[in-house]
Amino acid sequence: MFRPFLENRTTTNFFSGSPLSALTILSFSENVDLQRSAALAFAEITEKEVRQVGRDTLDPILFLLSSHDTEVQRAASAALGNLAVNTENKILIVKLGGLEPLIRQMLSPNVEVQCNAVGCVTNLATHDENKTMIAKSGALVPLTRLARSKDMRVQRNATGALLNMTHSDENRQQLVNAGAIPVLVGLLNSPDTDVQYYCTTALSNIAVDAANRKKLASSEPKLVQSLVALMDSPSLKVQCQAALALRNLASDEKYQLEIVKADGLQPLLRLLHSTFLPLILSSAACVRNVSIHPLNEAPIIEAGYLGPLVDLLSFEENEEVQCHAISTLRNLAASSEKNKGQIVAAGAAQKIKDLVLSVPVNVQSEMTACVAVLALSDELKPQLLEMGICEVLIPLTNSPSVEVQGNSAAALGNLSSKEERSSLDDYSAFNEVWDKPEGGLHAYLFRFLSSTDATFQHIAVWTIVQLLESRGR
């Protein structure tokens, strides 16, 4: 009854009418050979064409999934996996109870059946509506077990499914509870690039949560070393995800130190020199977090980061890269006079002066905050004043951004103050900007004194006191 349709398969619509009715009759037959014919036909049809289907198509396939025959199971799960590429089908398959037979098939001793079932779950897990259902269905434990499969296809599908489950807090927690962490960490050393990528990305997502970072820190001593090694992977996407995973881990002090101890600075520096934007972005973000720890300031500078970071200040293609670069320089300047001097010597202050009026507001905020830190150094104040840094700070005290206003004013205040005053101190730079640009120092101080913001008033008063104490030098 079905053969005529197959003979005209190029012109036959198998998803409705008589062809679908014929397939449905075969599917619900008690004859295993007929069920095999139906399952294989569904697999072949959906391999060639995927479209949105209704319950009348999915019911017979889901019935075939429950067969005890491995050939029927394998072909039915292949058909379902093909249909699960379509967004509407993903939702309907789960609504019709497709997860339960798929979980049973994941537990099958037959590798082909496992592979197709896991592949189908991977496709279903790409839809947000399905993720919570999958997490609560009991699928995570068999998925975690199959991630260790000796069959690379099964391993790939399982790790891909686990990755798809790491995009929300609740699902990540379910995944951790299912014992996925040691499996994912172990598979970082997989010879397969896709498995490496899925596991690295999944761990990067898991490391977003502070509680999970704590768990990783206590149970996975080789994690950082493995991720550092993956930054030398031949695959750019693996390199990128390894740097992002380290970035997320480096939200914690312990990992900030560990990345440096694991010789992570050199591969990160190499990625920073890349021409591939995602690599530059991921490594810049990672170094920014690593630089937060005071003990890492000197190692980062000694590793040769200052030049590349200063160069990235003018990376106009991406303001996030600019923000990461300037924020790192500010972190490096935080606790050492020597570091501040090296940062200015590397051209950072001059680059900021040249760029700050034309960069996006977020970058302006970071740049002015960096100048405020550099201006704390009594040794550097004359150099900063001589290069005319006040000429760009004064207009920014009237920025639409409150942060930029405050940072610029703080920088001017820091430049005007000195721990020990001397008759050799030169304050002529302040005289030169008293009335210009944009109303000069005079207009800025008047504006801040008139502000309703007490902090702004305080900065203005403090700056005036510093200038008065200079006694007109």
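For all residues, glycine too, the Cβ spot is worked out from N, Cα and C.
Annotation comment: TrEMBL describes 56-98 (among others) as repeat 'ARM'. On the 0 to 100 pLDDT scale, the repeat 'ARM' (56-98) averages 94 in this prediction.
For 97-139 (among others), the entry in TrEMBL reads repeat 'ARM'.
The annotation repeat 'ARM' is assigned in TrEMBL to 138-180 (among others).
Under the heading repeat 'ARM', TrEMBL lists 179-219 (among others).
Across the repeat 'ARM' (222-264), DSSP classifies residues as 31 helix, 0 strand, 12 coil. Summarising the annotation, TrEMBL assigns repeat 'ARM' to 222-264 (among others).
According to TrEMBL, the feature repeat 'ARM' maps to 263-305 (among others).
According to TrEMBL, the repeat 'ARM' annotation covers 304-347 (among others). Listed as Cβ neighbours of the repeat 'ARM' (304-347) (distance under 8 Å, sequence separation of 6 or more from its ends, same chain) are residues 265, 269, 272-273, 277, 280-281, 284-285, 287-288, 291-292, 294, 297-298, 355, 359-360, 362-363, 366-367, 369-370, 373-374, 376-377, 379-380, 383-384.
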- Residues of the repeat 'ARM' (304-347) by DSSP state, where helix covers H, G and I: 31 helix, 0 strand, 13 coil
- Counting by DSSP, what is the helix, strand and coil composition of the repeat 'ARM' (138-180)? 30 helix, 0 strand, 13 coil
